[in-house]
Amino acid sequence: MGWKTLDDMDLTGKRVLVRVDINVPIVDGVVTDSTRIRRLMPTIRDILAAGGRPILLAHFGRPGGERRKNLSLGQLVPTLERAFETKVLFADDCVGPAAEEAAEALQPGQVLLLENTRFHASETKNDPDLAAGMARLGDIYCNDAFSAAHRAHSSTEAIARLLPSCAGRLMQAELEALEKALGKPERPVTAVVGGAKVSTKLELLGNLIEKVDYLVIGGGMANTFLVAKGLPVGKSLAERIMKDTAAEILAKAEAAGCTIVLPSDVVVAEKFESHAPHQILPNDRCPDEGMILDAGPDSLAAIKAIFEKSRTLIWNGPLGAFELEPFDAATNAAALKAAALTRAGKLISVAGGGDTVAALNASGAAGDFTYISTAGGAFLEWMEGKTLPGVAALIQAG
């Protein structure tokens, strides 16, 4: 794919600067979700096993170029030591004499964590001088933070031009999964796009209709498309001012040979709350006081049938109000169908986005998907067809 991995590098005795995403939630000094740290473990273990000395570069929160104690990475040292099962040292800067001294003194089997890169205001400006200061700490640069790859920052883009560079295991897995999904996918390809607003996913929809065979639209977005087709949506969440744009997307999809799938029947309630009284109606029968909160059983059957004839699935966004029972039914059932097909070796399934990950976890389907991205903005920008600076830098370095 044009970029190098850890397998292409001689790591013996080398100081390996690893750009990581350890932007984890902390409450009262306690890490409440260590998923991002756990996902780094293969990279750190492989570097240590090959005789390399990992030096971690990371941002934490948005300090705006100021040193803020509550955003210091030093508080993560105990959590990292437990995860990596080795000694983790800490330097109170990511450049300068103290950081250079700590990097030079790092012993085999140890890990060095550098202070928050965003304590330097120039980090987010892709400052080459800051990148040069970081590069002095290592012999090799390894980017394992796909979640930050859509940002051209000193620690993600500029530094890759200054050292031999490669992708870490997490970055490698993410890029390989995404290449399978949209780069050179097995066809037919289906995309599921849900969520509240068409306006926030215009570029995404525009890119997908050129690349996929079926585009399943759910959530509040689907209501806007129903409005564009002249169908009633009552008091449902819908962007009525976007109906002309939605109509244009429908026309472009038809011209591109992409079949857009909208709900043929809907689950309607008068209140947006769990277990609200509801009814299943055809998509042309939503009453004035009704709110569409989920796709109906006929719609779900159609989605399952499309999954069965697909070879690749990309999923971003729920099909309904998944946070409210029973309006999570279509999302859960579709997710479990995709999981079963993946388990049977009949489907490559890739999903990403905050609500998507939450919905798939809630359904119990997440563990069977081929790949689930926790990268958020980077995953969306990749789906939109944009060039990610952090990835482009690795390709150029390769």
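Cβ atoms are placed via backbone N, Cα and C, with glycine included.
The following features are taken from Swiss-Prot:
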type	residues	note
BINDING	Asp21, Ile22, Asn23, Arg36, His59, Phe60, Gly61, Arg62, Arg118, Arg151	substrate binding site
BINDING	Lys201, Glu323, Gly353, Gly354, Asp355, Thr356	ATP binding site
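Structure with Swiss-Prot features highlighted.
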residue	record	DSSP (3 states)
Asp21	substrate binding site	coil
His59	substrate binding site	coil
Arg118	substrate binding site	helix
Lys201	ATP binding site	helix
Glu323	ATP binding site	coil
Gly353	ATP binding site	coil
Task: Distance in Å spanning the most remote Cα pair of Asp21, Ile22, Asn23, Arg36, His59, Phe60, Gly61, Arg62, Arg118, Arg151, given for substrate - done: 19
Open item on the list: Checking the spread of the ATP site as listed (Lys201, Glu323, Gly353, Gly354, Asp355, Thr356): what is the longest Cα-Cα distance, in whole Å?
Closed with: 21
Open item on the list: Please identify, among the binding-site residues Asp21, Asn23, His59, Arg118, the one with the smallest Cα-Cα distance to Glu323 (ATP binding site).
Closed with: Asn23
Open item on the list: Nearest of the binding-site residues to His59 (substrate binding site) by CA-CA distance, picking from Lys201, Gly354, Thr356?
Closed with: Gly354
Open item on the list: Validating a neighbour-count step here. Other CB atoms within 10 A of the CB of Arg118 (substrate binding site): how many?
Closed with: 23
- [ ] Sorry to bug you, but what's the C-alpha spacing from Gly354 (ATP binding site) to Asp21 (substrate binding site), rounded to the closest Å?
- [x] 16
Open item on the list: Quick check for the class: what is the C-alpha distance, in angstrom and rounded, between Asp355 (ATP binding site) and Asn23 (substrate binding site)?
Closed with: 18
Task: Under 8 Å by Cβ from Gly354 (ATP binding site), counting only residues of that chain that are 6 or more apart - done: Gly376
Task: Site with most surrounding Cβ atoms, counting all protein chains shown within 10 Å, from the binding-site residues Asn23, Thr356 - done: Thr356
Open item on the list: Can you give me the same-chain residues 6 or more apart in sequence from Gly353 (ATP binding site) with a CB-CB distance under 8 Å?
Closed with: Gly195, Asn316, Gly317, Ser373, Gly376, Phe379, Leu380
Open item on the list: Using the alpha carbons only, what distance in Å do you get between Gly61 (substrate binding site) and Thr356 (ATP binding site) once rounded?
Closed with: 22
Task: Of Asp21, Glu323, Asp355 (the binding-site residues), the residue whose Cβ has the fewest other Cβ atoms within 10 Å - done: Glu323
Task: Nearest-integer angstrom distance between the alpha carbons (Cα) of Thr356 (ATP binding site) and Asn23 (substrate binding site) - done: 19
Open item on the list: Between Arg118 (substrate binding site) and Lys201 (ATP binding site), how many Å separate their Cα atoms?
Closed with: 29
